[in-house]
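*Asks:* What TrEMBL shows for this protein is this:
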type     : residues : note
TRANSMEM : 21-40    : transmembrane segment
DOMAIN   : 21-304   : domain 'ABC transmembrane type-1'
TRANSMEM : 60-83    : transmembrane segment
TRANSMEM : 127-151  : transmembrane segment
TRANSMEM : 157-176  : transmembrane segment
TRANSMEM : 249-269  : transmembrane segment
TRANSMEM : 281-301  : transmembrane segment
DOMAIN   : 337-572  : domain 'ABC transporter'
Amino acid sequence: MFSVFKKLSWYFKEQWLRYTIAIIALLFVNLLELLPPKIIGIAIDEIQYQTLTNERLVELLVWLIGVILLSYLLSFFWDYTLFGRSILLERRLRSNLMNHFLRMTPRFYGSYRTGDLMARSTNDLKAIMMTAGYGILTLVDSTVFMSFIIVMMFFTISAKLTLAALIPLPIMAYIINKYGKKIHTRFMQAQRSFSDLNNYTLESVKGVRVTRAFVQERQDEARFGEMTEDVFQKNAEVAKVDAFFEPTINVLVGLAYIIGIGYGATLVFNQQISFGDLVSFNVYLGMLIWPMIAVGDLINVMQRGNASIDRVEHILAQEPDVHDPPHPKVIKIPEKIEFKNVSFQYPETEGYQIKDIDLSVKRGQTIGIVGKTGSGKTTLMKQLLRQYVPPEGWVLINQIPIQDFKLDQTREWIGYVPQDHVLFSKTIRENLLFGSGWKTDEEIYQMLESVDLKEDIDQFPEGLDTLVGESGVTLSGGQKQRVSLARALLMDPEILILDDTLSAVDGKTEANIISHLKEEREAKTTIISAHRLSAVQYADEIIVLDNGRIIERGTHNDLIRQNGWYKRQYTIQQMVEV
Ligand code: ADP
C-alpha cells in the first residue's frame, strides 16, 4: 500500500524542497496546537488554587492569541504549498498521458476503449492528486501529530492514565487494516464500471442519429440506466466501507473518553493529578480524533491512489508498435516510391489483406487504385503512413526501406485525406490551415476554387470564419470531403493520398476538381483510390485490386482493352451517368 509513495517518489524527489518546507510548517502547526490545552489546564488550576491574578490572566490570554495567530499563518502556508504541488502533479501526469496518446498507433486504440482512456485521464488522475496532497497531510497527522499528542499526555499529565485511555487503539488498527483492503477491491471495481459507463456514453452520443433512425432510444436509455445503476452500486459499496470508518472511530474514541474521565477522576481524587490536568487530558483525547480519522483516510487515499497509479502507469508503459529507427536516413525529396512483393495483415486478423503487391511510382506520377469495397485499397495506401508494423516485403522510398526514415519525416511528405473526414470544432479557416500554417486569404480562396468550395463558403454567414462542428454549422458530407481535400492541398505535400475522397460529391464537381488536381499536382506524386472510375481515368497507372491482389494494371486505355473487371465496371458506370 505504501508503495504508492514509492511510485510517486520521482515527483517527491523533484519537489523535495517544497514538500520539506510544507511538512516542516505542518509539524510546527502541530506543535503549536499542543499548547492551548496546556494553557487552559494551567488557568483552571490557578483558578482552583486562587492564584490567578489579572496580569497572569492577560499573560495566558496573550499566549493563546499568539498561538492562534501563528498557526493561522503557518496553516495557510503549508496548505497552499502541499495542495498546490499536488495539482501540479495532476497537470504533469495529464500532459504525459496526452503526449503518450499522440504517439500511439491504431493498434493501441484498438485495444483500449476511448471511454476507458478518458476515465484514466480524469478520475484516476484525481485519485493520484489526492495521494500527493491529502495523502501526505494524513500521513504526517496520523503518525507524527498523533505521537506528539500522546507524548504530551504521557509525560506532562500521567503515564498511567494515558496508557489506560489508549487501550482501544490496537482494536482500531486492526479494523482499519481490514477495511483498507476491502476499499481497494471495491474501488477498483467502481473505477472499472465508471470506465464502461464513460465508453457507453461516448458511443451513445456519437451514434445518436443512428439510434434515432433505428428507434432504439428506449433501449439505449434502459441500457444507460443499467450502467449508471451499476456505477452507483459499486460506488455505494465503497461509500459503505468508507462510512463505517468514522462512526467506528468515534465509538472507540468515546470509549477512550469514558476511561479518561472515569480513571482520571479517581486520580484527581487521589491527588495524583490536578483538576486542570484532567481537563487538558480530555482536550488532548478530543484532539486525537482527527489523527485517528486521518489513519483511516490515509489508508483509503493510498489504496485509491495505488489502484489509480497502476491504471495510469499501465497505459504509459505501452510502447507504440512503430518506432523511429535508431539511425534514421535522411533524404530531401522522395523521388520514387516502390512496393516490392508487399503483403500485409492487420494484427489479430487471419489471412492477408494485401498480398504480393508490386508497384512503382515516380515523382510527378498519379496512380489510381480501384477495386471492390474491402479489396484492400485503403490498406495498401496506409502502408505509407506507417501506422502498423512494417509489412512483409519492401516499401522503399528512393530505394531506402521506409522504416529507415523518421516517422515525422515520412509523415511530413504525405498529405492523407481519409474516407472518414475529421473536422475540428473550429472555424473553417482554422480547419483549412491545420497542417500548412498561415496562408493569405487569396491563397485560401484560390484553393477553394480548385476544390469547388468557394461558393459554398461564401454562403456561410461568416465565410471562412464560420464555426463548424458541434457548436457551429453542420457541413454536408461532400462539403466536409472538400474541406479535407483543400486542407491537404494547402500543405502542398510531396505525396498526396486521396482515399475515396470524392465519393460524396456529384460527377460534375468531381470532374472539375480532378482537372484542377491534374494541373496542381503535375510535379508531385498523387495516389487516388476511388469508387468512381472517372476519378482515376487520367492516372499514369491504374491498378485493380481484388482480395488484396493486383488483378489488372495499366493505363485507362490498356485496361479497357484488357476487357476485364475495369472495363465491365466502366461500362456500367457510363450507363448510369447517361
Ligand atoms: P477498401 O479500402 O478497398 O474498401 P480496406 O483496405 O479498407 O478495403 O479493407 C481490406 C480488408 O481489410 C477488409 O476485409 C477489411 O475488413 C479489413 N480491415 C480494414 N481495416 C482493418 C483493421 N483496422 N483491422 C482489421 N481488419 C481491417
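Glycine too: its Cβ is placed from the backbone N, Cα and C atoms.
Remember, TrEMBL labels are computer predictions, not curated facts.
As the structure is a computational prediction, the values presented were derived from the model and not from experiment.
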*Asks:* On average, what pLDDT score does this prediction assign to the domain 'ABC transporter' (337-572)?
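*Replies:* Averaged over the domain 'ABC transporter' (337-572), the predicted model reaches a pLDDT of 90.
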*Asks:* Taking the transmembrane segment (281-301) as the reference, which of 21-40, 60-83, 157-176, 249-269 gives the largest number of Cβ pairs under 8 angstroms?
*Replies:* 249-269
*Asks:* Tell me whether the transmembrane segment (127-151) sits in contact with the transmembrane segment (249-269), defined here as at least 3 Cβ pairs under 8 Å among residues 6 or more apart in sequence.
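*Replies:* They do not touch: fewer than three Cβ pairs between the two stretches lie under 8 Å.
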*Asks:* Which residues of the same chain, at least 6 past either end of the transmembrane segment (249-269), have a Cβ under 8 Å from a Cβ in it?
*Replies:* 158, 160-161, 164-169, 171-172, 275, 277-278, 281-282, 285, 288-289, 292-293, 296
